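Participant: If you scroll down you'll find the structure; I have some questions about it.
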Amino acid sequence: MEDQVILVDEHDNKVGFAGKMAAHQRGALHRAISIFVFDSHSRLMLQRRAAGKYHSGGLWSNTCCSHPRPNEESADAARRRLREEMGVDCELKKAFSFVYRTKFGSGLIEHEFDHVFFGNHDGRPVLNPDEADDWKWVDLTELTVDVRKRPETYSFWLAACLDRVISCRSLNGAGAAAQKIGSTITLMA
């Protein structure tokens, strides 16, 4: 059976469920999670999405991104997917949310109400090869420069929220996970 996603309205209120592919074919707004894990040197753990992913395969992205299951809280989904994709178990804190919509060359449309979580971890990940085929630690300043220079090598959502990630890290101290800021930004492409 196909994975289900939680359909939401513009305020993140649940309005139903849909198959993951159907939601992406229709461009239906659905709930998502994005996780950013930092080490003690304030470097971000990036993953390269597995080539076989249904979209954005082979692109560098944030540590982990996925969708909550029906009736699963976003924070619980974030912890679960971080373990499943990257083999990392760490405390996660909600940082912010944002909404974005973009169309891929394949015709799929990503339209997500994305809940962003921050965590801290110094160990090496254990990659699930179905999800990610490489990883690296990267300095945020270097990442910002590279995303602007070579945007085609990064996932849309990473590039879309990177400035907000940096802002939240600055507001809350580089060594600590961000506290919930409670605001939502909207980005369309």
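Cβ atoms are placed via backbone N, Cα and C, with glycine included.
Just lifted these from Swiss-Prot, have a look:
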type	residues	note
ACT_SITE	Cys65	active site
ACT_SITE	Glu112	active site
BINDING	His24, His30, His67, Glu110, Glu112	Mn(2+) binding site
BINDING	Cys65, Glu85	Mg(2+) binding site
DOMAIN	28-160	domain 'Nudix hydrolase'
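In the displayed structure, how are the listed features positioned relative to their neighbours?
Facilitator: In sequence order, Ala32, Ile33, Ser34, Ile35, Arg81, Asp114, Ser155, Trp157 are the residues near Cys65 (active site), counting only same-chain partners six or more apart with C-beta under 8 A. According to DSSP, Cys65 (active site) is assigned to a strand segment.
A strand conformation is recorded for Glu112 (active site) in the three-state DSSP classification. Residues near Glu112 (active site) in space but far in sequence (CB under 8 A, at least 6 apart, same chain), listed by position: Leu29, His30, Arg31, Ala32, Val99, Tyr100, Arg101, Trp157.
Shown in sequence order, His24, His55, Tyr100, Arg101, Thr102, Lys103, Phe104, Phe156, Trp157 are the residues of the chain, 6+ apart in sequence, with a C-beta less than 8 angstroms from the C-beta of Glu110 (Mn(2+) binding site).
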Participant: Show, in sequence order, which residues other than His24, His30, His67, Glu110, Glu112 on the same chain lie with their Cβ within 8 Å of the centre of the Cβ atoms of the Mn(2+) site.
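Facilitator: Not counting the recorded site residues, we get Val5, Lys20, Ala23, Ala28, Ala32, His111.
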Participant: Reported in the order helix, strand, coil, what are the DSSP residue counts of the domain 'Nudix hydrolase' (28-160)?
Facilitator: 31 helix, 52 strand, 50 coil
